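Asks: Sharing a structure here in structure tokens format.
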Amino acid sequence: MKFPTRLFAAASVAIVATVLVPATAPAHSLKDVQQDLFDKEQYFQVKNEPAADFTLQDADGEPFRLKDLRGKVVVLHFIYAGCPDVCPLHADRIGEIQEMVNITPMKDRVQFITVTTDPKRDTPEVLRDYAEPHGLDPTTNWVFLTSGPDRPGDTTRKLAEKFGHKFIVTDDELQIHSVVTHVIDQNGQWVANFHGLGFEPTNLVVFINGLTNANVPHKEPEPPSLWSRIRSMF
């Protein structure tokens, strides 16, 4: 099952490498990008509210604060390693998107964050071992966070609820929850959700590109425009 997915991911990476431009180049406004995604990406939701701040821990026990990421776009999602179904697929999707972003000049402007909602079982060893099977790169701009040993076990679930998630914990301690990829802008504003796993990964990368270009003065694009080139490939 992974083979076609990886072929598609490789093709998508090639497309992104071809059409995305450095953040210093002219680009369509964020409003244009939002409108286009609203028209063509059914799983895209515009948000506009401050993101819930948090201080969590990485696999080495080091504190990790959302507020320290001002100036970067944050791609955030919630999973747990023992999840038998959607969580591994969600992690695979984030790995694909990280790969697409990291072949562009956006690499140093984006942080990917995975937060476990089962800190009791997701030990530091589990966090460290999670990256490779899902194509995630912890050496660049991805991190897997937990609440830490001295905080209540539902700390990260309560954080997820601030981002709109609801949880049902079964008798065998499986968690039934929604699948959403959240996007936070450089000012700590929660600006978008991409729901489920059916969204086109390139659309999220294009949205991130719009955010990284949001404060760049825009010139009148010369035809064919960046956006036209992207749309012509789908």
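Every residue gets a Cβ built from N, Cα and C, even glycine.
Bear in mind that the values here come from a model prediction, so they are computed numbers and not experimental data.
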Asks: Using only what TrEMBL says about Cu cation binding by Cys83, Cys87, identify which of His165, His177 is listed for that site too.
Replies: His177
Asks: How many neighbouring Cβ atoms, not counting its own, are there within 10 Å of the Cβ of His177 (Cu cation binding site)?
Replies: 21
Asks: Using an 8 Å cut-off from the Cβ centroid of Cys83, Cys87, His177, can you name the remaining same-chain residues around the Cu cation site, in sequence order?
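Replies: What remains near the Cβ centre is Phe78, Ile79, Tyr80, Asp85, Val86, His90, Thr117, Gln175, Val179.
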Asks: For each of the binding-site residues (Cys83, Cys87), count the other CB atoms lying within 10 A of its CB, then report the residue with the highest count.
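Replies: It comes out as Cys87.
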